[in-house]
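Right, one structure below, let's go through it.
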């Protein structure tokens, strides 16, 4: 029982305060997060559908494993174009229209892949889809983080990864559903299914409000205030968030403070003339002359995104049928069925992360996730190594161990490394640097994904499947050490406050000349 507030009036007895009650989940912010994350279904689908489609593409088009490797990984490499362009685009036309653009690119890519007459056009379709992947990977977490109240930011910002996993599962289901079609039709139908969701996504995204932080960057204080009123837990929090955003951007106190004034033309004109609101000068502040806190933030973002992919998740997602075949599942039906179980495990366990992100924090989940990945990868590699040493047909029990290890690996990834890499990256950058900073993180993620997926077949032919997964286990262990020593906890911090965790804050020496204090963009 908690003591009443008036207990301190009698004899100086200290008051024991009741724990703060978590506010109910803001339904409007929830709806915005869901709509913003829908593009991620296509991202997951386009990546995972290649897992089964490659079996039929190879047979139909008579291409080598090397060409399959390039076809599987080119989507990650071409996504660099989208991820690097997305930061500037989202600062220019807004987060919302950038998501519409991503949906249109996904639609074009799916149609080109599904109607491709040969390898060259199929490769073109994968490249186009990759540009959409880059846009979606960057903009969805940024928008969701900017629209979410602090109390639910971890939950809502993990939604893009939830929908990526849903897309992965749907890709595997598509593989299984259409694998019995004639070879020349099966893989084409699998890709064409990906053209359906974008037709419905664009109207839904247009129904969303724009990010309040982007609105303030344009000087549209009244519009931002209305969005914040709907997406905050209380009117007081809405005004506090607005004040923090204005301070971060450099709008003087008193400008736009009148809640009755819906728009302030003076603010709009001043913002556009004083500071490039479309990203001018940001690359210099990120890469050429970053302050020490910004440099540490950039290292944290790039390191986390690097280890997320370098630990081999995309190799498992794309090539699990080959792993299961090696473990003893010889038929397409059995290997694709086991691959569906991988998608189900990956999707189910993402819910663990969404439930605990705002309760236990980012660091505990990241460390638990990386630890589980190390154990799973070592177990998988050991089982595959033992299978290699046994006569064919005597590895049935070890096949079960291999399947269980793969399921545990993707489950461990989903409870931490998968969603939190995007949550964390979208939280830590100062507002003025957030879009381009997240774009750099996305670029690192795509580079590592491309390197892993385009080298996996060659790697396991050189050092065996077991050796490949032992290598991934070592990388995951290095990632655990990086996260333990380098990443501070961000749970409960406002977006305008997180720079202090990396040594920034109210320090004049962190300023850059000519920016009127805008590098102090996360002061609270």
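A Cβ is built for glycine as well, from the same backbone N, Cα and C atoms used for every other residue.
Unlike curated records, TrEMBL annotations are generated automatically.
Keep in mind that what you see is a predicted model, and the values were worked out from it rather than measured.
Note on TrEMBL: of 469-487, 488-506, the range annotated with the feature transmembrane segment is 469-487.
It is 155-173 that, among the stretches 68-87, 99-117, 155-173, 185-208, forms the most Cβ pairs under 8 Å with the transmembrane segment (399-424). When Cβ distances are compared across the two stretches, the transmembrane segment (445-463) makes no contact with the transmembrane segment (155-173), since fewer than 3 pairs at least 6 residues apart fall below 8 angstroms. By number of Cβ pairs under 8 Å, the transmembrane segment (155-173) is matched best by 338-357 from the list 68-87, 99-117, 338-357, 364-387.
Long-range neighbours of the transmembrane segment (99-117) within the same chain, counting only residues 6 or more positions beyond its ends whose Cβ lies under 8 Å from a Cβ of the stretch, are 36, 39, 42, 46, 82, 86, 89, 93, 124-132, 135-136, 139-140, 143, 188-189, 191-195, 197-199, 201-202, 205-206. Averaged over the domain 'Major facilitator superfamily (MFS) profile' (32-491), the predicted model has a pLDDT of 85.
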